[in-house]
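All remarks here apply to the structure that follows.
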Amino acid sequence: MAGGAAGGGGTQGDTYKEARTWLLLPTWVTLSILVLVPVLLMLVYSFLTKEFRGGVIWEFTFAAYDQFFCDRGLFGDEPCSIEWTYLNIFWRSIWQAGLATILSLVIGFPTAYFIATRPARVRPLWVFLITIPYWVNLLIRTVSMRFMLREEGPLNNFLVWSGIADAPLQMINTNFAVQIGLFYSYLPFMVLPIYAAVERYNFSLSEAAADLYASKWTTLRRIVLPAVRPGVIAGCILVFVPSLGAFLAPDLLGGAKNFMIGSLIEEQFKGNAGNWPFGAAASMILLSMVLVILMIYARQQARAGGEER
Amino acid sequence: MSRARFDVKSYPGFVQLTVLCLLILYLPLMVVAVYSFNASASIVNWEGFSLRWYADVFTGPESAKFKLAARNSFIIAITAATVATAIATLAATAMIRGGRFRLRVLSLGLISLPLMVPEIVTAVATLIFFNTIGFERGTLTILLAHIAFCIPFAYLPISARMQGIEDTYEQAALDLYATKRQAFTRVLLPLMMPGIVSGYLLAFIISLDDFIITNFVKGAGVETLPTAIFGAVKQGLKPNIMAISTMLVGFSIIMVTVSYFVGKKDN
């Protein structure tokens, strides 16, 4: 769904060959000016000097990156030793995004597999059921999760009523809530690509494995999983990448203590206390991480495609 | 035999996990929907069914704020979706009916860019851009940002639809002395309509729902529905917010359902 714009080959004719420059011009202009140039400008900003009431002074400096990586003591005059504050926030975000990915995989894979093994007639309906939450406002979904996890909320009521917990648990404003929020936000992204892969899987391979006395779980591990691996990897990336830069889940479910990269960046641009070059630098570091992941993915896809032929 | 096939395919526990998956996805929204009909002013206790909070949204003390936010949201979403769909339709025509050309891969990369860059990074970059060129933040900056990130969402269903249409129809029109413009407007465009409608509706929802980018590029005092809801939630979760949220969720579901059926039509 959000995995990049797919394109066909050149088999669709070239009726509008002469006009294609004009047809693409609006896209080039809009996206260059409103996405490409801003991202490059952000790179420039990360090397500028901060203005105290937000914004920048156009003087070149490494100060933003220095602040990110270097601890220079109380008076800022010591040699650089590693600054852990921001690295820890990044590390925790990676860890939480990774855990959200694993959780989504554990729930999402069986769901995708189950849907793909339904009769062809009802499959679109199942897929539609998984797709709907993706199109529902993420803010509202996160707010409803906050409602669920409140101290006097439905989940705690259920836990106390059923005797699982003796007293309401503190779930909201904890790392646990952020974790659940991330998992819940991007779960549909895991199901859809895996479903697409399992649907193409040839089930006679599973039958052949069963005929050769492979157990069900061996078949799943050794035959099904390798065959649908591209879908699994795509799902993992589609959950991991947005989780890494998430803002709403840590902000609405984690409270003030449970910062993630997204919250750190947002804080730099709010009100007068912010530091724009530092926010730009943190954004650049996040963007580089995402681009590296996507490049590894693209390369792997290209290699997998080469093997098939 | 058929029994054996069934066994090979199915795994114990997968049904339960599927149910759990749907429960996780839908339960929080359903609970909020139920509580939006609560007669109580507290969000803790259930005191019977009432439409009180829906009335409150339209006539209560905060109604003026929400009406203005809703108006902004819809004006921006309609305009952004219209412009983005027009741009995406032209782009899809070039990408799919333009033969092979060198800039094709690059163009595809550019169209996919808003999907690859994390939303918070796009938000920061767009804010920095408007700040640098001295463009005062307000409704117009929100609109421009929305147009840009709606393009890929409009492009996907439109290009998918066009790929499903053979170019023999246009060739036939051209053989019968139609100009290329006529072949485009009278033959290709009507055939593409389901894809275009589907793309338009998805772009519309994406714009209507956006919070992060809007929050960065909106000027002081300009609110859309999501930013107004976010602001209100920060003050504490109140029943009227649950009523607004439920209406917005219902609206999104209707739009996606329409988009789904239109997109499927005579494909």
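Backbone N, Cα and C define each Cβ position, glycine as well.
Taken from TrEMBL as is:
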- B:70-259: domain 'ABC transmembrane type-1' (DOMAIN)
- B:12-37: transmembrane segment (TRANSMEM)
- B:74-96: transmembrane segment (TRANSMEM)
- B:108-133: transmembrane segment (TRANSMEM)
- B:139-158: transmembrane segment (TRANSMEM)
- B:187-208: transmembrane segment (TRANSMEM)
- B:241-262: transmembrane segment (TRANSMEM)
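Two recorded stretches are said to be in contact when at least 3 C-beta pairs lie under 8 angstroms, sequence spacing 6 or more; the transmembrane segment (B:187-208) and the transmembrane segment (B:74-96) meet this definition. As a quick check, the transmembrane segment (B:12-37) and the transmembrane segment (B:241-262) clear the bar of 3 or more Cβ pairs under 8 A, pairs 6 or more apart, so the two touch. Counting Cβ pairs under 8 Å to the transmembrane segment (B:74-96), the stretch among B:108-133, B:139-158, B:241-262 with the most such contacts is B:139-158.
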